[in-house]
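> First the structure, then my questions, so here it is.
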Amino acid sequence: MSGLPGARTCPGPGEASDLKSPLSAKFREPLTETRFQQLFGDAEQEPELLAEPRWSRLWRRRASACSGPGAWRLLLARLPPLRWLPHYRWRAWLLGDAVAGLTVGIVHVPQGMAFALLTSVPPVFGLYTSFFPVLIYTLLGTGRHLSTGTFAVLSLMTGSAVERLVPEPLSGNLSGIEKEQLDAQRVGAAAAVAFGSGALMLGMFALQLGVLATFLSEPVVKALTSGAALHVLVSQLPSLLGVPLPRQIGCFALFKTLAAVLTALPRSSPAELTISALSLALLVPVKELNVRFRDRLPTPIPGEIAMVLLASVLCFTSSLDTRYNVQIVGLLPGGFPQPLLPSLAELPRILADSLPMALVTFAVSASLASIYADKYSYTIDSNQELLAHGVSNLVSSLFSCFPNSATLATTSLLVDAGGNTQLAGLFSCMVVLSVLLWLGPLFYYLPKAVLACINISSMRQMFFQMRELPQLWRISRVDFAVWMVTWVAVVTLSVDLGLAVGVVFSMMTVVCRTQRVQCLALGLAEGTELYRPLRESHKLLQVPGLCILSYPAPLYFGTRGQFRRVLEWHLGLGEGRKEAPKTDGPPDAAAEPVRVVVLDCSGVTFADAAGAREVVQLASRCQDAGIHLLLAQCNGAQWSKDLHSVGLSRSFGVWRAPTRHV
């Protein structure tokens, strides 16, 4: 508790207090830091610690990190397999990891090719993106149950960037060589976006900015993925109907695509429309069966790979590609592409696209990892996750991969199939590797309409997130508003602009809620040393002439006006001075005017210079009104800096004026 300029000292031992207390309580003398150390602590060691320069402490910390044990701890932190592999339960976990990895790998094959078309690159590059990032995350990631690879939201965002950077010629009639050149340019653009996204995440890791994931709240992330799922559905309609349409990008792209599809509907291909209907008729029920009977099935039913094999056999035996001009995948090149550094000249153009992708990658991956870490009682390192996904995107871009992250569908599939550790990722890579090296020709006759159906069916979980809206409305109207604003912005504008709108609106709700803080008047609970709000009970004891207030909010330039108005209302200052001071207590406690006010600052997490000046101005006004202002629980280094700059100094737990102490 402290006094500010104009406050008188409290009565010392043996002096009579001029405050009447119904408890006949004795008020102890406030303690300075020196006096506290003399009574309760060692007053000799603390000054020595404080006298050590900050640069010296940092130097000792860096020196310890460069020692042998420090280097080993750093290696353990950066290579998680060194921590969990020695404790791996081979008999209990290996079978579950193998089954889960093989199951996820089987899903990665058709899903990777499908999301490659969503990215506007040839299907084989989706297989590359399902191999290299998974392998790298197995070595660097801390999420034991996380499955990485191609993600629909990122594929959609990357496809929009690629279409803008490398647009298709207006003529549309391209020869085979021109088509290959266009695909090569688009692959380079997608790899450059992945390179920029990975570089940004590595920069965030170097600055230890893993905390940035907290700015993408759960309503923002869920609304973003639900809105992006609608974009994916609409963007796949031309492939479902067999109508070749240019891809719409920018704001209102969803509505432009719908208008173009409706216009071209009479020109749809009956063969591809039939293939799409049969594929959805198989995929959707299988997805529903996997969800409803997940506890009874030993492994989820691989509906995607079954559909791929059936469609390939049907197209080959019926010659659908030649007789009905059905678009097929074609030849998948065997092996791996040559490592190639993306064109650095493109980086300035793609930074605006890489930043939102980096944020979405980290936010979705960190939130998924946290969910399963809490469920299975282990911890993740958010900064290590930044490193893992940053290296995953950066290194895989050298092999012509597009941006990747953790995926909702395959992560849930991995957990349902019995996965336990990151080792499942190695088994998943084995499946994709076998397709790249030997099994690629089997997918030559795969219709692209089937891949579009796989894209749509994989959005099931994202669409069903909207079922949480009624519960969200009951829990928090503000979070409901954040969800709806983000979803509408994503659907009407674009995914990246919708993300920006959602983050800004979410932060605005936080700022606005700090403007509506209630300052509570406190009273002493009888028989205890606890203080409770007076409005909770009339049995709380209150000293006449003494007002104890608690302000539970940060004190900065945005809240200083609210702070001033609330204190004026309680103390009867300013325009309300003619009225009796406002209290929440019983009438007899409010009869005597306030002579001393104690402001509990334990809820003030920080204060800036404007807030500190507001406190000093309040002290001056209280002095003019004959009210003594005392502060309690002024914790935090920022309080010390800001109040010192306006003429106050700090001792232990007690604020005092330079010449007077209370």
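Residue numbering: from 1, along the chain as shown.
Here the Cβ of each residue, glycine as well, is placed from N, Cα and C on the backbone.
Pulled these features from TrEMBL for this protein:
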- 1-23: region 'Disordered' (REGION)
- 90-109: transmembrane segment (TRANSMEM)
- 116-140: transmembrane segment (TRANSMEM)
- 187-211: transmembrane segment (TRANSMEM)
- 354-373: transmembrane segment (TRANSMEM)
- 480-508: transmembrane segment (TRANSMEM)
- 536-662: domain 'STAS' (DOMAIN)
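Context for these features, please: burial, neighbours, distances.
Residues 119-122, 125, 158, 161-162, 165-166, 340, 342-343, 346-347, 350-351, 353-355, 357-358, 361-362, 366, 381-383, 385-387, 389-398, 400-404 of the same chain lie 6 or more positions beyond the ends of the transmembrane segment (187-211) yet place their CB under 8 Å from a CB of it.
Same-chain residues lying 6 or more positions outside the transmembrane segment (354-373) and placing a CB less than 8 Å from one of its CB atoms are 141-146, 148, 151, 153-154, 157-158, 193, 196-201, 204, 210, 212-213, 216, 218, 221, 224-225, 379-380, 382, 385-386, 389, 393, 403-406, 408, 411, 415, 495-496, 499-500.
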> For the domain 'STAS' (536-662), what's the mean pLDDT in this predicted model?
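Mean per-residue confidence for the domain 'STAS' (536-662): 68 out of 100.
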